[in-house]
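J.: Pasting a structure here, questions to come.
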Amino acid sequence: SLSAGLDLPGRFLFATLTLMTLIAILVFIEEAVYIYRKIPSSKASIIIWINAAAPVISTTSCIGMWVPRSTMFTDFTAGIFFAIVIHKFLMMMVKECGGQKMLLRRFENGHFTISTGPCCCCCLCLPRVPITRQTLFWLKLSTFQFAVFRPVLIFLSIVLWTNGNYVLYNLSPKGPALWISCFIGALTLFALWAVGIMFRKVRILLKCKNIIPKFALYQFIVILNQLQTTIINIVATQKIIPCAPPLSSRARGSYIGQQLLIMEMFLITVVSRVVYRRKYHDLEPLECVAEEPGDEKQPP
């Protein structure tokens, strides 16, 4: 195995990263117990899911570091969990506004700004969409479809991989890897777009709930788990990362990505505990809530 050929610094690094993963898991368990006891059950499960994102990714990366042949399965597991967390984050913003009915009352005459990232940040000419039950349903559907279809596509990839038809680094148009990756990428963009639209609308209202630091942590997980991993894989595929026997260039790229994710997710787990554990003020009554500039004010 890989660990058997490690020198003393390598073993120390493996031990340190494994310890960081274990600490992240313990911090999350302690935080989950606190949330379950102190926060109403309607929001507790959603917040626990969101807080679990970093320790789960750290755990899958640690397993992939110790067992390199399991990398495909650990990456797929982290991908499935990440898809669910995106939907949960959107639902958390709705819950923090008091639920769907209260959100619609607070923004009765408001509009969603759809010219936001990652899909339409440059399309400033797009019209603003009224906030209705229907538009809220489409935002929820945009994240829910990602939580449903990404596990299905990942399961299909595993089936094709076991049959020898799916090769992760084979981006030939004749192979399924390119088309499945493009489809997952499109679904990801739509889901992130929906979360961005909702955040842009509620960020002022939920400022007392520290929604901006929470969204920043969520964005860090997105960037590190998706963009960073993709960049490292591309660099490794081009053999810019030199091989180091017994690791090939691609295996070493995956190996480096997993080690970085363990350290990054450990830090995010610790910071999340601080951000989500604070006691926040309740929202202002409806009579005191004003819309963002450009929207009509709420009637008393």
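Cβ from N, Cα, C; glycine included.
When I checked TrEMBL for this same protein, it listed these features:
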TRANSMEM  12-34  transmembrane segment
TRANSMEM  46-67  transmembrane segment
TRANSMEM  73-94  transmembrane segment
TRANSMEM  137-161  transmembrane segment
TRANSMEM  176-195  transmembrane segment
J.: Between 12-34, 73-94, 137-161, who has the most Cβ pairs under 8 Å to the transmembrane segment (176-195)?
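T.: Selected stretch: 137-161, with the most Cβ pairs under 8 Å.
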J.: So which residues does the transmembrane segment (137-161) touch in its own chain, when a touch means Cβ under 8 Å and the partner is 6 or more beyond its ends?
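T.: Apart from its flanks, the transmembrane segment (137-161) reaches 72-73, 76, 79-80, 83-84, 86-87, 90-91, 94, 112, 167-168, 176-177, 180, 183-184, 187-188, 190-191, 193-195, 197-198.
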